[in-house]
Amino acid sequence: MAPIHYLLPIITLGSAALARQDAFEAKCHSFANKIHLPNVHVNFASYVPGGTNLTLADNPSSCGATSQSVSADVCRVAMAVATSNSSEITLEAWFPRNYTGRFLSTGNGGLSGCIQYYDMAYTTGFGFATVGANNGHNGTSGEPFYHHPEVLEDFAYRSIHTGVVIGKKLTKMFYEEGFNKSYYLGCSTGGRQGFKSVQKYPNDFDGVVAGAPAFNFANLISWSAHFYPITGPPGSDTYLSPAMWKVAHDEIIRQCDQIDGAKDGIIEDPSLCNPIMETIICKPGASSDNCLSAAQAKTVREVLYPLYGVNGTLLYPRMQPGSEVLAAPIMYNGQPFAYSTDWYRYVVYNDPNWNGTTFDVQDAAAALAQNPYNIQTWDADLTPFRKSGGKVLTYHGLQDQLISSENSKLYYARVAETMGMPPEELDEFYRFFQISGMGHCGGGDGAYGIGNGLATYSGKDPENNVLMAMVQWVEKGIAPETVRGAKFANGPGSTVEYSRKHCRYPRRNVFKGPGNYTDENAWECVV
């Protein structure tokens, strides 16, 4: 046994650590009584030890989560914040014990009023003081917008900004040192919210990571609605079952896979892929298991075509080829897209009986003309954000089944044209990365593990993590030249089969060799 005098430092250190933990826990429990901010009603402040599987008893059932695993010790503060006389947001702020001096806001998805607890757990694990809100309503339906313009305004922009303002004040109250830098992390609707902050509140964040952004929002809603008139319902001549979409997908891959130089089942640049679906029209008398009818081939061709408005103006670019299998059960399932139907029912027409099967381009014109609270999020002059010193890193999966990656390219072009800046100048503050083999915000057939959330985590180093790459860009001035993605053998947390460095737009990946396509150094970013 060691002499007692050798054990004393260990005991002292252990006691000090325990005291710090006790002090943190006590600070958390007393924090609610110290919050006296206008329009803020604190529901509770509770200490959550790392390793807890946190029960989310009040989370709306449609949000799909009854619990959340939390890795770090955090102080969880839940509150309601009034945004008008008839609206409020539910806001949570999580303060980690391993605080790194960084503030972060998470975003939302779809039309939803769901706090993304998985993002809050993810970012507090990195030491960010993190806020998340319900976007001004509960659940995934658009019905709360019906005759409630204040709720709609929260959804369009106000929820995120309110959460940031309150969250920063609370962070300064909870930590004596306040915070040094402010960040944002979101995808889909969360991506749109990130760009809305860049456009409308250029001083809210030092660094914004915005994935698969749902900007050009009104036209995105219409684009999502326009697939049903193309496919028709199950049983119609124009409808393809998921199995038939797999047949179409395999033919598209056959025609386009090797454009990038590698036969790996991944299309590196879908803009170069213009499949000819007549090649698999069934011959007379042939089995239809591995070919399409003429009507079905036309459906595939029309699905891969942009949406134009009543006067021939481009509303929304085409769905990128390569996403067919992922999109089939959601966008091409023979039913009107639920989010689009809700938007037209409860926002555009204020008519709960509007039928999504009747959609046409006149409806698209009505939605775009309305554009409540500039929810389009399509402003292209980012000069104030640039002058503030802010950085925005956006990414988009090239197998995205819900929001076409072509739309992110279109916005990039709009910014370049509006600001009169070529890519090398935009790179100073705005970088866009196309992620081959990534579906909507994650998943897919390729190297989608870029660290934009728990479901894509493959390491915390900036080289393997898009959030920490943003931190490095903001705090050290080292901008990411590529975004490395991991191809998992069997989903997140499993063995990494290979990695690939995804290129900064407008560059694209080309296989040069030598070696196998699984070697990230066998690829080159070219313009």
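For all residues, glycine too, the Cβ spot is worked out from N, Cα and C.
From a predicted model like this one, the values you see are computed outputs, not experimental measurements.
Each of Cys273, Cys291 is a candidate, yet Swiss-Prot gives the disulfide link of Cys282 to Cys291. The Cα atom of Cys63 (disulfide bond) lies nearest to that of Asn53, taking the recorded positions Asn53, Asn85, Asp257, Asn311 as the candidates. Fewest other C-beta atoms within 10 Å: among the disulfide-bonded residues Cys28, Cys63, Cys282, Cys441, Cys503, that description fits Cys282. Asn53 (N-linked glycosylation site) carries a strand DSSP state (E or B). Cα to Cα, Asn311 (N-linked glycosylation site) and Asp257 (Ca(2+) binding site) are separated by 35 Å. Cys291 (disulfide bond) has Asp257 as its nearest neighbour among the binding-site residues Asp257, Asp260, Ile266, going by CA to CA distance. Cα spacing between Cys114 (disulfide bond) and Ser188 (active site, acyl-ester intermediate): 13 Å, rounded to the nearest whole number. Compared over the recorded positions Asn138, Ser188, Asn311, Asn355, Asn516, the count of CB atoms lying within 10 A of a residue's CB peaks at Ser188. Here the recorded positions are Asp257, Asp260, Asp264, Asp400, and the one ringed by the most other CB atoms within 10 angstroms is Asp400.
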